[in-house]
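Feature list (source: TrEMBL):
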type     : residues                       : note
BINDING  : His172, His237, His308, His514 : Fe cation binding site
COMPBIAS : 542-567                        : compositional bias 'Polar residues'
REGION   : 527-567                        : region 'Disordered'
Amino acid sequence: MEIIFGRNKKEHLEPVRARVTGKIPAWLQGTLLRNGPGMHTVGETRYNHWFDGLALLHSFTIRDGEVYYRSKYLRSDTYTANIEANRIVVSEFGTMAYPDPCKNIFSKAFSYLSHTIPDFTDNCLINIMRCGEDFYATTETNYIRKINPQTLETLEKVDYRKYVAVNLATSHPHYDAAGNVLNVGTSIVDKGKTKYVIFKIPATVPGGRKEGRSPLKDAEVFCSIAARSLLSPSYYHSFGVTENYVVFLEQPFKLDILKMATAYIRGVSWASCLAFHGEDKTHIHIIDRRTRKPVLTKYHTDPMVVFHHVNAYEEDGCLLFDVIAYEDGSLYQLFYLANLNKDFKENSRLTSVPTLKRFVLPLHVDKNAEVGSNLINLSSTTARALKEKDGQVYCQPELLYEGLELPRINYAHNGKPYRYVFAAGVQWSPIPTKIIKYDILTKSSLKWGEEHCWPAEPLFVPTPGAKDEDDGIILSAIVSTDPQKSPFLLVLDARTFTELARASVDVEMHLDIHGLFIPDAGWDLGKQAPSREAPARDMQTEKSPPTSSSSNNGETRGLCSSGSFQE
């Protein structure tokens, strides 16, 4: 694991040509742009948590069957300050740092007030966001950094607070067909209130690029929801949207504002201010996109922690949404570097397996329905919604599959009925070992995996002009812990999960988190679909039974030799 988590990675400013084996589809022209932590030590100092590492952007440019790799550290203010000091001087979520190396109580007290609501880091290491014609590296603070997606050059620093009143914001925005951006942030004790703010950034603005006007200047608050606790707002990493609604989970994984306000002077990290409250409910907020107001019905479910929403849509008067859920907040603890680099198997064993769950909410509750009755009558799911005495609705999910994370879909189906989830497979540890295609309709799955290979989030790219949901390819950057095997970009046929090609690069590649694919301008919709002739590599297919707290012991496995799901 030291290869993945223990070494600072070198940047490659000039393109490195990859060795391509197999055949990349001729229509695939563009750049896969990814983001993640690449540097965990500065001088003699070391970050405590993997998610604290300095952001390293990397890209795979695909043109005419060839692939070129490059990487570059995000030149954030955080990066610059740390490198100039040759030690960590800017705090991250899991690592508290002090500009004064003496760390005496007077320097702490002197800086106390400026850290009450801290000026967070601009180390934007989580994702890449598209905003109009611009691209930004993002994290979960109020800062984003504009980048050049071709050269990976770092451009201006943007503070969300100049446009909307948020101290924190997700790295998983949504995009509509016009390219408008919808995102959620938390406004901490703004005018005596703590609230969740849904805001919208238009894809284009009058004047636009000609006048140098950023769409961010026309950002607007779409809706706001008061936090149930003024001083303990919920942590969240993503949210869901349908054609008419926004789905936001206020979960009992909470940030203690008072503890955060004193973290600097107490010498503890902000991560220590985050706690899971298993005695509380998870509250499900539904916002009507037409009225920009929350739906009056109160929905809730059992305590859980969700980092990633998969998709949501409406059907027969119900709202369905799928998430990857945990029973507690222990996942974050597993990514402390002490757990990842020493006794990895023991320290990083999952105590709560990530489970794909489907929730179904009735959008209109029958006032005459009996208390305790199930308000859901869809034949496609076993999820239930029970009416309670006070008119609230308790939601019981359908458990679809255990052991997957970093879900992606064909984004053309975002907010609409869909069938396939593409995700990273995890077993006893939080680090992916396989890539999974899960069929929600048949409850079956396909897998790709190879020994000593650690895949990043799989990203779906549709074939131009595709009609089927899974007509396209899967791209994933694969880190190798085999010294005889270089890391590579994997290209899978998304329908059959057979390997079409891999592009190996002689670099020490870092494990990334999220990113996107940027097609070249002039995308030719007339080019051919991907070849389906490449042989499978360690491919497995399985039928998954309804999950429980135990593992999927009833699965059947076999080699995949065709495009169909085997029973």
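Quick reminder: no glycine exception, Cβ is built from N, Cα and C everywhere.
Keep in mind that this is a model prediction, so the values were computed, not measured.
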Cβ within 8 Å of the Fe cation site's Cβ centroid: which residues qualify beyond His172, His237, His308, His514?
Ile126, Asn127, Thr170, Ser171, Ser238, Phe307, His309
Sequence gap of 6 or more, C-beta under 8 Å: which same-chain residues meet both conditions with respect to His172 (Fe cation binding site)?
Asn127, His237, Ser238, Phe239, His308, His309, His514
Other CB atoms, at most 10 A from the CB of His308 (Fe cation binding site):
21
For the binding-site residues listed here, His237, His514, which shows the highest count of neighbouring CB atoms within 10 A?
His514
